[in-house]
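Student: Sharing a structure here in structure tokens format.
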């Protein structure tokens with residue numbers, strides 16, 4: 001009995017630290033009238049939100065504001081091969097949807113159109129009224145095939161796929177999305193004064209024009225074995241020229257790679273497919289996190305030295321090489 005009792009109680013020092021932390025949280029919650037709750041697909045219950053109305057800080061639902069928060073700010077890998085590993089197919093799980101009022105501008109969004117080997121579609125069409133995420137710096141458009149072992153594609157980490165003011169637990173076919181979560185912000189109830197002046201202007205709905213002040217660039221890919229253990233991803237330069245992606249990279253790197261291939265006449269010059277592979281010397285992380293500095297320009301000052309071809313190409317020093325078995329000779 002004595003040893004069993006010892007197992008059920010916290011050590012004295014740990015109990016003191018835990019008690020102190022609990023009191024700090026309670027006092028902080030009392031002092032700050034803006035608690036933040038994160039909703040994932042495992043905690044999404046309307047009844048929980050309704051119960052907040054009966055508590056001290058929230059007197060009406062007008063104080064409850066929903067915000068979509070993107071995952072990319074946490075430093076997750078955003079390249080297509082890495083991102084697709086975070087998504088998986090499941091059967092027998094009903095999808096969940098929640099709306100949100102405001103969101104962030106996303107650096108990386110995705111748009112998938114995947115078919116099974118028999119030609120049938122892997123992903124469902126979006127429900128009526130569901131539109132793509134409206135603010136994307138780069139849209140990674142992926143087409144390809146895969147086993148798709150399940151009815152619907154979910155996020156393995158329990159996150160949402162953010163669309164235009166709508167978050168869903170599943171991926172919809174051909175609809176642009178960003179990865180994220182939904183946060184519910186409880187605002188303090190404003191004091192009402194009968195002499196309060198009317199607004200100087202009516203509020204503006206900034207989501208009407210999804211392209212205003214924001215340049216979107218679409219990057220295209222071909223993927224095989226989507227949803228399987230080992231997938232293969234090719235970056236599409238044009239209809240006959242591709243680059244094999246074998247390690248993490250940034251979208252800025254792909255933009256520069258695309259321009260380098262075109263400027264140096266490295267595109268396929270026939271109807272055959274030319275596939276390039278990256279030289280191991282290349283560092284594909286150029287421009288990492290540059291979007292925190294600015295979101296509205298194309299980073300023109302980034303150095304090209306690591307990607308540019310020399311005037312006289314040495315076969316042993318070139319930074320790109322055609323894949324063995326390619327049936328299309330490159331231009332001289």
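Cβ coordinates are placed from backbone N, Cα and C, and glycine is handled just like the others.
Straight out of Swiss-Prot:
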- 109-136: disulfide bond (DISULFID)
- 122-148: disulfide bond (DISULFID)
- 41: N-linked glycosylation site (CARBOHYD)
- 205: N-linked glycosylation site (CARBOHYD)
- 229: N-linked glycosylation site (CARBOHYD)
- 239: N-linked glycosylation site (CARBOHYD)
- 258: N-linked glycosylation site (CARBOHYD)
- 269: N-linked glycosylation site (CARBOHYD)
- 1-33: signal peptide (SIGNAL)
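Describe the structural surroundings of these features, if you would.
Tutor: The Cβ of residue 109 (disulfide bond) lies under 8 Å from the Cβ of 132, 133, 136, 138, 139, 140, 176, 177, 178, each of these being in the same chain and 6 or more residues away along the sequence. In the three-state DSSP reading, residue 109 (disulfide bond) counts as strand.
Long-range neighbours of residue 122 (disulfide bond) (same chain, six or more residues apart, CB within less than 8 Å of its CB): 89, 114, 115, 116, 146, 148, 153, 173, 226, 227.
In three-state terms derived from DSSP, residue 229 (N-linked glycosylation site) belongs to neither a helical nor a strand segment and is classed as coil. Using a 10 Å radius centred on the Cβ of residue 229 (N-linked glycosylation site) and all shown protein chains, the other Cβ atoms total 7.
Residue 239 (N-linked glycosylation site) counts 11 other C-beta atoms within 10 Å of its own C-beta, drawing on all protein chains shown.
In the three-state DSSP classification, residue 258 (N-linked glycosylation site) falls within a helix.
If you draw a 10 Å sphere around the CB of residue 269 (N-linked glycosylation site), it holds 15 other CB atoms from the protein chains shown.
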Student: Just name the winner among 136, 148, 258 (the recorded positions) by count of other CB atoms within 10 A of its CB.
Tutor: 136
Student: Please report how many Å separate the Cα atom of residue 239 (N-linked glycosylation site) from that of residue 269 (N-linked glycosylation site), as a whole number.
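Tutor: Distance between the two Cα atoms comes out at 11 Å.
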